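K.L.:
This is the structure I want to talk about, given as structure tokens.
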Number of protein chains: 2
Amino acid sequence: MPQQHRAQATREAILRAAAEEFDRLGYEGAPLSVILDRSGVTKGAFYFHFTSKQALASTIVQVQDDAWPVLARAWLGRGLDPLRTMVGMFDEAVVLLSRDVVLRAGVRLAADRELGYPGLASAHLRWEKVLADLLFAARDEGQLRPGVDPESAARAVTAAALGARLISTATSRCADYPERMREIWRFLLPGLTTEEWCAAAERMFAAPDVL
Amino acid sequence: MPQQHRAQATREAILRAAAEEFDRLGYEGAPLSVILDRSGVTKGAFYFHFTSKQALASTIVQVQDDAWPVLARAWLGRGLDPLRTMVGMFDEAVVLLSRDVVLRAGVRLAADRELGYPGLASAHLRWEKVLADLLFAARDEGQLRPGVDPESAARAVTAAALGARLISTATSRCADYPERMREIWRFLLPGLTTEEWCAAAERMFAAPDVL
């Protein structure tokens, strides 16, 4: 294999091994020596790619920081109604997280940082903002139950998704996250949306491949 | 002050200082030296009360392990209907957490341990079980919306409460946790309960002191 391919493969192996450890045990719980063992890479090769364990973690955080705007732009560009956009975008994020350990480790590392330091809960506040914007649009289109406050609803959805991710990660390595999120939508949507929209959503959920 | 009172006051000062640090930064983020500084207690006095930082953390975890069964027994003994019991018990737990930093630190330490180690999410699985039992009883009494699965609903409520606690802790030192949980009930209950029960709950929420 040409040298740059080999270098790329080594870098991928390090990222994946680190993600497996960070996802399971967090930053502090995953010593660099264990990550190197798992990846089968020498210390020398490691320092060719990353200056430190901290730099490695930052790269993994960056992967997920880059992923969400791409996802959001794709869903916002589809021209679906705002609630359908919200549910679809969220469900795709959940499926990606359940399948991709690098993405998942990035989210955990970012959350560990921000949840450990008050005032820095930026990723979750960003999600609340994205959802609130869609829910304001949904209210303008008459899709929300009367009296529903979009910001309040955005906080509730964000909280439920965060909790479900953590419990799912702890109990099933995140494999049942899509199912847990689906359950949450089923219970939250009747409180958020008009009966008509909710009935349409039930049909959507019965045929999940349309999402 | 008599010697045993002084000893008691020292112990309380250590527990409180440690809880403030653990709540904010987790176990790894809070060095014993910082806890001692904050509590104004010497190393010698500390080791009179606790054998190690680990033992101190375990005491704080124990405080919350002991608190929940007492709370559950009190609510279950009131003879209220199952859903009212569930909402009332949960809301009291949330208020206690928002006010008591020792309790909150205990929950964080327990969660950090269990969420870091797959398969050990015992506290959250216990809450899911308590809620599912109440929701099965609610179903038997005709309080649930047709088709609602009690275990699925228990998972959704537990996830939302966990996520709201973490975001509230990060953004407001948990001060707005009761308000965030109240929002979540407002959106979740229409998806869980019959319209009649939900309308009664709306009236309950309008007069929160009845809870």
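All positions are counted from 1 along the displayed chain.
Glycine is no exception: its Cβ is also placed from the backbone N, Cα and C atoms.
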K.L.:
Of the ranges B:11-30, B:31-50, B:71-90, B:191-210, which one does TrEMBL list as DNA-binding region?
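P.N.:
Comparing B:11-30, B:31-50, B:71-90, B:191-210 with TrEMBL, DNA-binding region matches B:31-50.
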K.L.:
By DSSP, how many residues in the domain 'HTH tetR-type' (B:8-68) are helix, how many strand, and how many coil?
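P.N.:
Result for the domain 'HTH tetR-type' (B:8-68), in helix, strand, coil order: 49 helix, 0 strand, 12 coil.
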K.L.:
Tell me, roughly as an integer, the mean pLDDT over the DNA-binding region (B:31-50).
P.N.:
95
